[in-house]
Amino acid sequence: MPAPKSRQGGPGSAGASLKHLNPTVADRKVKFEELPEKSLWVFRKENPVRRLCVSLMRNPWFDRVVMTLILLNCVFLAMDSREPGFEETTRGKAVDNSENIFLSLFCGEMVIKIVAMGFFVHPNSYLRDSWNRLDFTVVILGIIAAMNLGNFSAIRTVRVLRPLRTLQGFAGMRQLVVTLLNSLPLLGDVAVLMAFLFFLLGLMGVQLFSGALNRRCASLDNPNAGCHLCGYDVGYAGYNASQIASGCASDCALPAAPRWTVHEETTCGGPRVAKYPSKGEKPSGYSCPDGQWCIAYEAPNHDITSFDNILGAWLAIFQCISLEGWVDIMYWTQDAVSEWSSWYFVVMIIMGSFFAINLALAVLYVSFTTERKTDKEQHSDAIAAEKEANSKLLKSMESEGAYQAAQVADLQRRLSDASPGRKSAPPSPSVSPHESFVAATPPNGGGDKRLEDTIAEEVEMGTFEDADGAETPATVTTVTTTTNDAHGGDVAVRRPSVFDSAFRPEKFGSAMVTPLPMRTVDEDGDDDFADQPWLAEGFATPQEWVRHHGGEIEDVQIVDGVPVVVPPSLAQRFQRTCRVLAMSATVGKVTMFLIILNTVLMASEFHGMSKGQIDAYEGINYFVTAYFALEMVMKMIGLKWRAYIADRFNIFDGVVVIISIIELAVADGGGNLTVLRSFRLLRILKLARSWPQLRKIIATILDTIPSMSSLAGMLFLFIFIFDLLGLQLFGYEFVFCDSYGVDGAAPTCPPGVAETACPNRKDCYVACKASQVGTWIEYASGAAGYCAEYGGGETALARLGMSDQPRHHFDDFFWAFITIFQVLTGENWNEVLYDGMRTKGDAACLYFILLVVIGNYIVLNLFLAILLDNFADMDSSGETAAETAAREERKAADLQRKKELALERRKTAREEWMKLQAQASLLSSGQSKSLKAAATGGVVTLSVMDRARIQVKRLILHPKFDQFVILLILVSSVLLAVDSPNVDEDSKLKKALNITDVVFVCLFGLEAAMKIFALGVKKYFANGWNLMDFVIVFIGAIGAILELSGSATMQAARSMRSFRALRPMRMAARAEGMRIVIEALFQAVPPIMNVALVCILFYLIFGILGLNLFMGKMYRCVYDGTDDVINSPAMGIAARDVTKRWCASGTHLTGCVGGARVALYSSGANGWACTRVTSTVSELNVDLNRVETFSGSWTCAASADTLAVLTADPYDPTESFGTRATYVDGTIGAVGYNATVVREAVTTAQATGAFSSTCEPRFEAHEWKKPENYNFDNIGASMLVLFETATLEMWLEVMYHSVDAVAEGLQPRLNYNEGAALFYVVFIIIGAFFVMNLFVGVTIDKFNEMKETQEEEDEIEGRAKGASLFVTEEQRRWQLVERMMSKCKPTRVYEPPKHPARAKVFGVVTNPLFDVFIMMCIVANVVVMCLTYAGEPEQWTMDLFVANSFFTFVFLCEVIAKITALGVVNYFEDPWNRFDFTVVGFSLVGFIITMATDASAGFIAMLRVFRVARVLRLVRRARGLRTLLQTLLFSLPALLNVGSVLVLFFFIFAIMGMNLFGKVKKADHLTRHANFDYFPDSMLVLFRSSTGEMWNGIMHDCMVYRKCYEIQVGPYAGTYVDKGDPLLDGLRLGEDGYEDRCTPSYIGTIVYFVLFILICGFVMLNLVIAVILDNFQSYSGNVDLPVSEEDFTHFALEWGRIDRTGSYYIAVDKLPKLLKRLSAPLGVKNLPKGMIKRSLILTLFTCNVSVEEGKVHFSSVLKALAARLDGIEPPPEPPKRRRRRGSVGSTISEAEEEELFGPYGEDDKVKHIFAAIHVQSAWRRKEAMRRVQLAKIRARKHKGTAQGAAAHKAAEDAERRLAKSTSMTSDRSSASHASSA
């Protein structure tokens, strides 16, 4: 039974609203009748139990209670922990008990729903709903886990899915889920494409790198006697050949149990240890240093990262495509295999990251915009009404003039309402009668709506003068209309005019407003001034009257229809004064000035400010805060509360002021909330009021917030679920002991020590011997531990120290949240993956892969899709519905006008073109001069200079000239790449490069001079490309002069050489594709700059916030000369005791007392004198094959200086050195542990200066310094850190340091301020996910705008639409043709061979089952290829070889069968067949080499990988995958153009980087792999930087300015010192002295890298996204075909019958045959018989198709026939002219070009050929008729004779042949004529 209409409701009904918010509630109310009659086969609908359950389920509070329970359950789930002993804590018990309660409640909910709805059978039963199935699964598994039947901890993890039910209660989040679900099919196609890439790249990786990463360089610690120099080359440490030979005998061998010191940081290619003692040949990969060997070792990252098998390869590829850690894998493969391995990874990144991943963004963008478009259409009216209301309200508050105008309009309305019978007015005494104004009022008492509209227009258009007296022109004109009076007569109603004296603007109150005429005329026509008291009192206007009474318009009250002025009270006057001030432009300017001043002052703070500066800043802070508070109060009083809160900026100001006041109050009370003052900076956003571009961007941001809030909720829900799952899987699991390098070390709680005494993350212990108890053991890795007995002496363990605790972990909810957020940002997510796999096995990778795929590639891409969609509406942001409609109307009218003009222009151009063609023969026959002379009226005389200029102009316009210049640019660019600063200055190569550089400078200078001479200075410099050329040539000339003169310094020479890198930019002016992209980039510069300013604004806000939070707190104590933080427990001091004073004291002595570490102050390296008392013992641990050193004791005595400090007064502030004697005990719980002994020993040492140590004492020097790469000590450093954080690179180090920061002067402590992490989370969400993506949004929006403009031009010019933006005209035509061809292709038809055997084979290979069989073989072959792995048994290798050989034989049989069936020619015409033949050929070569020789055929085996490319045949059957590949195909021209510009920028930056940083000192990130030493290295470094991979680490290494002068000779060779160091005395700069390896410019380095990241990392790569989005949208939509698809299909079919080989070409003489077979409108087949001949002739005469070697192309004919239906085509420009004009820019006009070269005609067309055929046929017919007539004459002349009879017979034969012949309609005739033509 259908529900009533009232229940269903319309769009605005309550039912619809309820369904929109929560469809399940609405469905329960309206579909109760559809519930099953019986539930559980027991409960009928009438059953009271079921009725109760149904009523409960349908009650809206039921869902609310369930949602509340779910949220509470989420809270308790977040409280859970895997902390040891957590179950015994109060929180643990509460969580455990709550689980049973929630389980019971959810069970009750499930039972109620099952009883009410039924269980499964009925369509509307419980389990038929997906959410209910999820609930059922979670509840049942919870019940199973609660039964305690075994270990069901894994089952309990399903609880984490329970928060998914919250999606039901939020419409926005539910809509996003629907969007994702709708995009799943296309995302599935993307996944298929990614799977193909993974198979291809994975198989290649296994073939290339299998087993290669399992080798490391290692030093042999125990060589046999006489073998200690094995592995060293002659010259090492001064050894000669004989010494090396004596230290490495030929019979040397490895010891039985070799001990290796492995260098795990790098892989190697040799020398292989298998060839010991010989080093063998130089390996292709990295060769280990002298004395080291390449040994087998586990793969990197704990044996996880490798290409040993297909699964490991896929994991490595996935990591690389995520752009995190991929360079490490690339460098490992380079070291292990070859430097050429980098190409494998570059291709992987381009195909996987830049293309395939962006396809996912395109899919989500298209899906979201489709859903959003539907939603906008449904809610457009409500949104428009809301905008309209807000707009009117805000406009009335813009100024005092606008406010007064609004009051005038309100008074007019009140007067009209109060005087319903007043219709007209007599003239005022101040004006003439005919100028009077009549305020007509309708009979119903309403005011004149038109008059109100006029006044409203004045308000909106600013016709009133504002408070400062600035007049704006009025726009209201006099309009006379009529209205009916009470007696039915017409009364003239005259609208106000600015020329009426009664309406002249007058000063009124605080503003100039237009006076109101309020005179009326009674119905009987008599004057009545009772309701116009100003006339009675002698005032000409009511404004004067109101002002005389001390009031304003708003004080006028209507009492019994009579206006009365009520004088304002003192409070009202004060309120109005506040209003005037609040709306005053002057006050606004003062406020803006103070905002900017406040921002500048806060940004100018820095660490180390003097007290005077701080006090001055505080004073200004108080003043500014007081002013803003006063402004807020003034606005609230003046505007009143309602008007104040109507403006969102006022609310924002109020919140900021309140926060500022709270901050000052708390700070005065001793609090530390000065960070809150940073919120005042947000006021700078008020600049948007006077900055239109910023206003649009901010409006777009605000419009994005609703969608973003839903996405943020969805993102938080996603993180929450993975957070809970991570807590269950990895809580307290990330605890390791790897850093100590001791085998057997593990996190342990020793026996006999209570769990509560051990830390949650247990310390690292290693087993030791009973003989070592009570001693410190030192291991080969440098780690040391005190051996003690535990558990009553049963176990001896040595404590090494605290365990390795990764900062990323899942131990609690907060840090699990931060860790998941880290994974979503992609920064070091692979390290979290490795730790998860180490602890939980390989299956743990699924958790992180899902996290990355769903979170990063889907949710965050949806974030970007929302932003892009909102930017598409940026032009309409803030507009009302009327404004938007008016703009669209103007746009449509302008487009229509342009189309009409273009049509006329095309018609005129066609006529002029035809005239030009008629004159072409005259102009080309030498008559051009006479024609020009005749046109000018005389003889033209040219001077010698003019003739020379013409000749030079001819030269520079010649195509060969441009080709020569391009050749010079290319050769010059190649030489620039070769000219590295590391090339020897005295080498012949360097001298040749210098000479050629000068030659090129001269040649380019000559080119510029020629162009200036030929074109003139003004015309030359009018073109931007010419100006760029000149600047580049000029800079090159200056650099060459400086270098030749030798006057340039080292830094200046490096800078000038770097500017030569701009020379390749000149290619952009000559390559059309590059020029188009760069011109588009220049058009996008203004919006990009606006976004850059917005970014700077946000960075400034967060930068100042960073100053307030972390300024001066980033300093820490580090080991002297390094940037490594001291390990304070290992030094004997707790982290809380390390202070600036302690660290700055210089040096401390560290020793041991028992198991405790002790730190004692030392006045220097000689502050203590230590003596060994007992010797140490070294033993070989046979079981673990390692040497352990232990025992020994030392005594130390302090020097006088040290003792004086130790015994000094600790409270003397002038002599404080921090805590001078400290200890850290690490043997708690050991047998015999006595803390008192340790404390007394330390006290004695401090008092007496005598100290006994049980470990070797060491002097530790340290210093107090800030990090080299980041700090918040000034706004510049702060904003640089934030920019690096926004690029999501290396931000974790900064965040963790901020979390540890305590206060200024104190050592950071682990997780001291965990809340500081939220600063970076919030900044990344705003600054990276949002603000930096504004670059993507505004760039793509600008290009979409340019695309729309291009499409409008296409529509105006009558061209087909759909081509990409960044393509040339030729590429554009190619794209359009390809799009058409994708919808319509000719069918290839193979003729069966006549030979019976071949015919049988033909039947087999053309059978669809044959293709299915080959597809199955391809898949099986790929599976077999995936089964290989490193270290496989020989039998397995042989089995795989046999299987591969079988498949090779199968594919060979396929090739032979197809060649036999189709023939050689037909077979090789198919590209797929050629590809198959190539792959089979290489496979056979590999098979033959493998079988015939013992040589490795790895490079041939790698070619078998390409068989997987045959999977592309599936594209024909997979429509979605075909769409993606077509997107790639259509994107190729634009991608090539964008890629060429990107390569150009890379080349320029690489040359600049090579010249600037080619000699900079190597460091942590600037290594032998990543450097600017040579051009290939520079390109690779820039490529990795463009992917964001540690680009800022390279930047900071290039900014080195300390200890960067390298000594080249002498005993200190290789030492780095500072400039001015005494070691440099006597040395000169150069290879025989010292090298300057400092940065050329500290600031310049920052500018270089930031510019590169912005240009190449954001803008250029965003172009790639724009191209993919554009083409994906274009191809996803329908192609605009001028005729139906049936006609195109018929065309393709008929074409295929003529072109049976599918070559896309047919002979031109076959065209009439084709047209006869085609139906109208493309052909003439179905036309009336009498029209066929005429239509055929007309079609051929208008067929504008090029003929190439007597043939026409499929697409050209199809396009021409379809275009005939669209109207007139524009006359094509001759190709030669286009090329010439394009080569010089826009400096040559068409007239000048014709004058120099003459006009050019068109190429041969079909219409020309058939026109010629028609003329020839007509002439031949005429000649035939003439011959017939002559034969008849001869027959009559010789009538009656034999000669006459013969002549008569000849005449009849000729006439018969003439009748049979045809001129055009015969195919044979046209064929013969076409061939002759």
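In case you wondered, yes, glycine gets a Cβ from its N, Cα and C as well.
Positions annotated as domain 'Ion transport' by TrEMBL: 59-374 (among others).
The list of residues near the transmembrane segment (61-81) in space but at least 6 beyond its ends in sequence, with Cβ under 8 angstroms from a Cβ of it, reads 22, 24-25, 91-92, 94-95, 98-99, 102, 105-106, 109, 159-160, 162-163, 165-166, 168-169, 720, 723-724, 727-728, 731, 811-813. If you look up TrEMBL, you'll see 61-81 (among others) marked as transmembrane segment.
Within the same chain, residues 35-36, 38-40, 43, 49-50, 53-54, 56-57, 66, 69, 72-73, 76, 128, 132, 135-136, 138-139, 142-143, 146, 162 sit at least 6 positions outside the transmembrane segment (101-122) and bring their C-beta atoms closer than 8 Å to a C-beta of that stretch. Summarising the annotation, TrEMBL assigns transmembrane segment to 101-122 (among others).
The feature transmembrane segment is assigned by TrEMBL to 134-155 (among others).
Annotation comment: TrEMBL describes 190-209 (among others) as transmembrane segment.
As annotated by TrEMBL, Ca(2+) binding site applies to Glu324, Glu827, Glu1289.
Residues or ranges marked as region 'Disordered' by TrEMBL: 414-450 (among others).
For 580-600 (among others), the entry in TrEMBL reads transmembrane segment.
For 591-876 (among others), the entry in TrEMBL reads domain 'Ion transport'. Mean model confidence of the domain 'Ion transport' (591-876) amounts to 84 (pLDDT, 0 to 100 scale).
As annotated by TrEMBL, transmembrane segment applies to 620-637 (among others). Below 8 angstroms of C-beta separation, residues 574-575, 578-579, 581-582, 587, 591, 594, 597-598, 601, 644, 650, 653-654, 656-657, 660-661, 664, 677, 680, 683 of the same chain, each at least six residues beyond the ends of the transmembrane segment (620-637), sit close to that stretch.
Residues or ranges marked as transmembrane segment in TrEMBL: 649-667 (among others).
Annotated transmembrane segment per TrEMBL: 711-730 (among others), in sequence order.
TrEMBL lists 844-868 (among others) with the feature transmembrane segment.
Among the features that TrEMBL reports, coiled coil is placed at 885-912.
Positions annotated as domain 'Ion transport' by TrEMBL: 959-1350 (among others).
If you look up TrEMBL, you'll see 1408-1674 (among others) marked as domain 'Ion transport'.
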So which of 649-667, 844-868, 1527-1552 has the most C-beta pairs under 8 Å when paired with the transmembrane segment (1646-1669)?
1527-1552
Can you give me the residues near the recorded Ca(2+) site, meaning same chain, not Glu324, Glu827, Glu1289 themselves, Cβ no more than 8 Å from the center of the site's Cβ atoms?
Leu323, Thr825, Gly826, Asn828, Trp829, Leu1288, Met1290, Trp1291, Gly1588, Glu1589, Met1590
Among Glu324, Glu827, all listed as binding-site residues, which has the most CB atoms within 10 Å of its CB?
Glu324
Please indicate, using numbers and ranges, the residues of the same chain that are 6 or more beyond the transmembrane segment (1527-1552) and have a C-beta under 8 Å from a C-beta there.
355, 359, 362, 973, 976-977, 1058-1062, 1064-1065, 1067-1068, 1071, 1073-1074, 1076-1078, 1081, 1364-1368, 1371, 1374-1375, 1378-1379, 1572, 1575, 1578-1579, 1582-1583, 1586, 1648, 1652, 1655-1656, 1660-1661, 1663-1664, 1667-1668, 1670-1672, 1674-1675
Name, in the order they occur in the sequence, the residues of the same chain whose CB lies under 8 A from the CB of Glu1289 (Ca(2+) binding site) and which sit 6 or more residues away.
Glu827, Gly1588, Glu1589, Met1590, Trp1591, Asn1592, Gly1593
